[in-house]
Amino acid sequence: MLVSYKWLKELVDVDVTTAELAEKMSTTGIEVEGVETPAEGLSKLVVGHIVSCEDVPDTHLHLCQVDTGDDELRQVVCGAPNVKTGINVIVAVPGARIADNYKIKKGKIRGMESLGMICSLQELGLSESIIPKEFSDGIQILPEGAIPGDSIFSYLDLDDEIIELSITPNRADALSMRGVAHEVAAIYGKKVHFEEKNLIEEAERAADKISVVIESDKVLSYSARIVKNVTVAPSPQWLQNKLMNAGIRPINNVVDVTNYVLLTYGQPMHAFDFDKFDGTTIVARNAENGEKLITLDGEERDLIADDLVIAVNDQPVALAGVMGGQSTEIGSSSKTVVLEAAVFNGTSIRKTSGRLNLRSESSSRFEKGINYDTVSEAMDFAAAMLQELAGGQVLSGQVTEGVLPTEPVEVSTTLGYVNTRLGTELTYTDIEEVFEKLGFAISGSEVKFTVLVPRRRWDIAIQADLVEEIARIYGYEKLPTTLPEAGATAGELTSMQRLRRRVRTVAEGAGLSEIITYALTTPEKAVQFSTQATNITELMWPMTVDRSALRQNVVSGMLDTIAYNVARKNSNLAVYEIGKVFEQTGNPKEDLPTEVETFTFALTGLVEEKDFQTKAKPVDFFYAKGIVEALFIKLKLDVTFVAQKGLASMHPGRTATILLDGKEIGFVGQVHPQTAKQYDIPETYVAEINLSTIESQMNQALIFEDITKYPSVSRDIALLLAESVSHHDIVSAIETSGVKRLTAIKLFDVYAGNNIAEGYKSMAYSLTFQNPNDNLTDEEVAKYMEKITKSLVEKVNAEIR
């Protein structure tokens, strides 16, 4: 919110420096971002009256004789398309400073002497977005009464001081000049004095011309007024100055009035051209899926049922609370204006403006709240201004649908409650003084008092809110310093926090270093290593194209980190990250993504470097898999690894899917050589594990089992198998043999070569058996081995050696 200090002083008698005011407002609850003076850095800019203006042949230039209050006319060469005889302009005389500290000097253009420069507002440093459209491509024309030689600062209010406020959602009442004036008045114990307009209505009734219908519960109130015989023209300079200093571009007197009322009251308004209506009934309703509307910015908007529209004859003419429609836009030929003042559901407006990426001054106020008490007053004020500035005739009455509560909100508390919370010894008289400054009525006594909170302060509803107001206005610096009183509370980690700690212990114990990568990446990298890619959630306004989409995997960002290090000769890396990925199964423009906690690590280079005793040991698949196994041993969870050949960007022969109770929870393996080449990194192994799924398993109750006092028995078995048979196949065959007393399977030897037929290999296992309730006999163990042997022969075609 940009607050003009000149304008503020019209509403409340305050005569302090802006620095002092900013400090005071910040300490009482409204943060001040800063104070700027538009004229800062500018000098020697005066009013000039163009006495004559001649075109320079074969150029776009004009040779002007300008009266700048000196004894002689000043010759200035100007190339602006709208320069002409008889107008008042901004002249930078030699020695003047304009935007970017540029100094104006005497010079020659096409051989013609130029004793200064006729300036546009852009050349004074004003933003393109706030310059009136009529002057956006040329010089600024000053009012007819401007006196040649006078400083231009007062004519354009460039000598004003602009206070930028950072308004939090709970203080949306300060999104208006009246709201800020109330706040400043309370701080300094002053009274506000707001301008009142004398509205003169015609005998003709507005209700005879139009009617209003509300067909959505998202519309709390809708009011309309008709002003006829208006003359659309540029606004007077004082109004344009106020709008520009508030960051709003002047358009014409009708539109500018609605924006002025928006700034004054915080009440969004809209003006329709009544003659462009194809009907007389204004309907506030939900849009229909697939309905379209071209808004004032010329963009065609695709609407959905959650959007609110204003319709006439079943055709949308405005996107309610956000932006008007082009079909009923006020133009230079408009004669009859329909003014709108409404209250729409803030949540609905926020969703619509967010979905369409269409933020406006109106939408921001509807999102944060509207003062119900001044909706009707703002409408009448706008109509009266159109009488003054556009010569309009106001038809009698507002056409209104919906009733708004306007009575004050009663909040009761006690003096004891206030003093206990603040640690003070305030009296009832002190409390009365505070609420008198705020403009709140108060009644009662020290035992109990009731405060009537006006509707302009919709953030106050409970006792604690009253305490906050008392503390703000009384002064935080006056509150006594006391030690906090609080009993000890037992803290506890969440299950996910505990899981993160255990994962971090294993990772760092394995020699991994923690890193944090960006959650935003490119759309391509967002899904590159995803096992089940979902819809991509993209930002509407990304800072860079490389950070435009929420990631669905952590691996791609981790590989960027590895590439960065490898490029700087740091080639032996072992890193991990515990972070979130974002899965989107719905519509990214409407639904929030699901956040999934993951554990990811990456390994590249050497595990052990070469020395005089040992060879260098590079990272391999089994080293990475071993870290995963160590993690699940720590977590006391049984997982299985299944060869995976179809995972994008991963090596088809060195990648495994990780299964927990048959459910896929991640993968481990080598990055595909082609992908590694794209990242410009050497052979790299990665793993990504879904911690959110593991968390649910961690919460299962553990069943205690007695430690058996009976010894275990081990038997070794050597198998001759085809090379295609995997360790997993063998373990599966053993486990499904139906032997209940089998407690452990350990592979201790693999051999292929001499004395083994080509295409075959030898694998030796140690099998452990144990009966928790009795000693195992040799006969029992022999039967178990027979079952296992039979299963191996039948299921993997093994030959017992």
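Any Cβ shown, glycine's included, is placed from N, Cα and C.
According to Swiss-Prot, the protein has these features:
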type    : residues                       : note
BINDING : ASP459, ASP465, GLU468, GLU469 : Mg(2+) binding site
DOMAIN  : 39-153                         : domain 'tRNA-binding'
DOMAIN  : 406-481                        : domain 'B5'
DOMAIN  : 708-801                        : domain 'FDX-ACB'
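Note: the Mg(2+) site is recorded as ASP459, ASP465, GLU468, GLU469; in the same chain, ASN170, ARG457, ILE460, ALA464, LEU466, VAL467, ARG472 also have Cβ atoms within 8 Å of that site's Cβ centroid. Helix, strand and coil counts from DSSP across the domain 'tRNA-binding' (39-153) read 13 helix, 49 strand, 53 coil. Per-residue pLDDT, averaged over the domain 'B5' (406-481), rounds to 93. The Cβ of ASP465 (Mg(2+) binding site) lies under 8 Å from the Cβ of VAL411, ASP459, each of which sits 6+ residues away along the same chain. Set side by side, the binding-site residues ASP459, GLU468, GLU469 differ in how many other CB atoms lie within 10 angstroms of their CB, and the most is found at GLU469. Per-class residue totals from DSSP over the domain 'B5' (406-481), listed helix then strand then coil: 34 helix, 14 strand, 28 coil. Residue counts for the domain 'FDX-ACB' (708-801) under DSSP, split into helix (H, G, I), strand (E, B) and coil, are 28 helix, 32 strand, 34 coil.
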